[in-house]
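Novice: Take a look at the following structure, please.
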Amino acid sequence: MLLLELKKTNQTLGTIHFIGIGGVGMSGIAEILHNLGYKVQGSDLVENYNTKRLESYGIKIFLGHAKQNIKNVSYVVISSAIHQNNPEIKEALERKIPIIRRAEMLAELMRLKCSVAVSGSHGKTTTTSLIACLFEAAGLYPTVINGGIINNKSTNAYLGSSNYLIAEADESDATFIHIPSTIAIITNIDPEHLDYYQDFEILIGAFRSFITNLPFYGFAVCCIDHKIVRKLVDDITERKIITYGIDAEDAHIIAFNINTDIASSTFDVKISLPNVLGTTIIEKITIPTPGRHNILNSLAAIAVGIELDFGIKAIKNGFNNFKGVKRRFTKVAEYNQAVIIDDYAHHPEEIKATLATAKNIANQQNGKVIAIFQPHRYSRIKYLFDDFMLCFADADILYITNIYAAGEKPIEGITGQSLVDKMTQNKYHDKANFLAELDDVVSVIIDHAASGDMIIMMGAGNISSFANELDRRLLSQEILASSQNTDFDTSSYDKVIR
């Protein structure tokens with residue numbers, strides 16, 4: 001009996017409890033199960049956008065972790081981010097309540113579906129969203145479980161009416177290799193999650209299994225602009241692989257004639273599929289998001305659309321319908337004719353891609369790039385310390401905050417201040433500064449922002465919440481400064497604040 005079919009019978013699973021339900025991956029699976037008719041609840045340490053959204057659907061949310069939260073539950077779902085000393089896990093073990101990993105629950109939802117699994121070190125969320133848009137434009141309405149909020153839908157997960165399921169496949173703990181996908185996407189492979197894998201070669205091996213575990217009739221889509229992915233593809237002969245890139249001249253799908261601005265990217269595509277005679281050119285594809293990395297993400301979606309015979313019109317329409325993903329180069333405010341961007345970038349390669357996009361736009365506007373970065377996890381900074389020192393070259397001015405721990409214990413010698421100090425000592429950046437308090441961002445913007453500037457706030461921690469409050473904070477600061485002038489009338493601002 002399949003989980004997707006169980007509700008059609010008289011059988012019941014009881015209550016399914018998610019520990020860390022506010023996480024983007026966990027909230028998506030919980031939402032799908034709720035929409036399928038299952039009783040779902042969950043707990044998290046703090047309230048956030050995801051917990052509020054789930055509560056609005058009638059899902060019970062506990063703030064804080066306590067053993068009484070799972071008093072009447074039948075199953076407990078966890079992710080690798082949940083520690084074994086969590087009181088709810090301890091209680092579940094004591095009472096022998098089945099504990100299910102997030103990837104196992106995702107795999108169950110994907111069983112007997114034609115599933116597209118999107119993996120890679122970076123770009124998964126945007127690529128998943130783009131593929132979903134193409135499916136809908138082709139008249140196929142998939143179930144989607146994404147790692148970020150899709151702006152078109154205001155959610156990261158939704159039920160579809162077709163037999164397709166598109167999911168972001170998280171590689172952080174190797175459980176993604178057990179996902180029963182028909183189509184597998186690899187956007188790139190970089191040293192990441194080494195606290196789990198310990199060795200980069202083990203991580204690469206997991207991606208190899210991700211492809212070779214496909215059924216013989218499935219296929220993979222891989223970006224061979226990335227040298228690690230190219231080597232992996234060259235070593236695999238037992239599965240069909242469609243390749244894409246911008247620089248790789250031998251890729252099956254290549255973007256060229258590229259133009260990008262602050263709001264969009266336009267490019268042409270050359271398609272030369274294996275075992276298909278001739279070459280197809282698609283002209284003037286436009287995606288409403290800037291950046292070379294997003295063009296690569298689009299090529300992955302095009303590869304799926306071409307292989308499934310969506311047609312050129314559906315592909316173009318799908319991209320036209322794409323409204324972006326929350327926290328992926330998202331404009332949150334303007335100040336003094338400078339644009340303030342919120343971005344999820346927290347790995348050196350993501351930071352380089354985001355800043356390269358910002359630099360390209362700033363150059364067109366005769367502006368500068370001001371980067372404010374909140375490091376995420378002590379272990380990530382430790383393993384990639386040298387890479388972090390080198391990834392901010394496109395920032396004209398750089399501020400680095402304290403590390404957002406994300407539940408980790410501090411590591412001696414690994415701090416935001418030490419990163420800035422090493423960058424300065426090694427002359428990797430001559431305008432790198434340490435920012436002790438996020439509140440000081442307001443002063444940084446007021447002091448430095450000028451017309452044409454791109455102010456990029458990056459990180460996977462709480463810097464996003466701060467970025468989304470900047471409009472209010474900057475306005476409050478202006479009122480405070482202006483109120484010192486006795487001739488200044490602040491009444492016009494009162495309505496804005498309220």
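Note that Cβ sites are derived from N, Cα and C of the backbone, with glycine treated the same way.
Feature annotation from Swiss-Prot assigns ATP binding site to Gly120, Ser121, His122, Gly123, Lys124, Thr125, Thr126.
I would like each feature placed in context: is it buried or exposed, what are its neighbours, and how far apart are things?
Specialist: A helical conformation is recorded for Thr125 (ATP binding site) in the three-state DSSP classification. Just so you know, the Cβ of Thr125 (ATP binding site) picks up 23 other Cβ atoms within 10 Å once every protein chain is counted.
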Novice: Restricting to the same chain and to sequence separations of six or more, state which residues have a Cβ under 8 Å from that of Thr126 (ATP binding site).
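Specialist: In sequence order, Gly148, Thr289, Asn294, Asn297, Val325, Arg328 meet the Cβ cut-off.
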Novice: Starting from the Cβ centroid of Gly120, Ser121, His122, Gly123, Lys124, Thr125, Thr126, which together make up the recorded ATP site, report each further residue of the same chain whose Cβ lies within 8 Å of that point, ordered by sequence.
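Specialist: Near the ATP site, the remaining chain residues are Val118, Thr127, Thr187, Asn188, Asn297.
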Novice: Provide the number of Cβ atoms within 10 Å of the Cβ of Gly120 (ATP binding site), excluding the reference atom itself.
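Specialist: There are 25 such Cβ atoms around Gly120 (ATP binding site).
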Novice: Taking the Cβ of Gly123 (ATP binding site) as centre, how many other Cβ atoms lie within 10 Å?
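Specialist: Other Cβ atoms within 10 Å of Gly123 (ATP binding site): 25.
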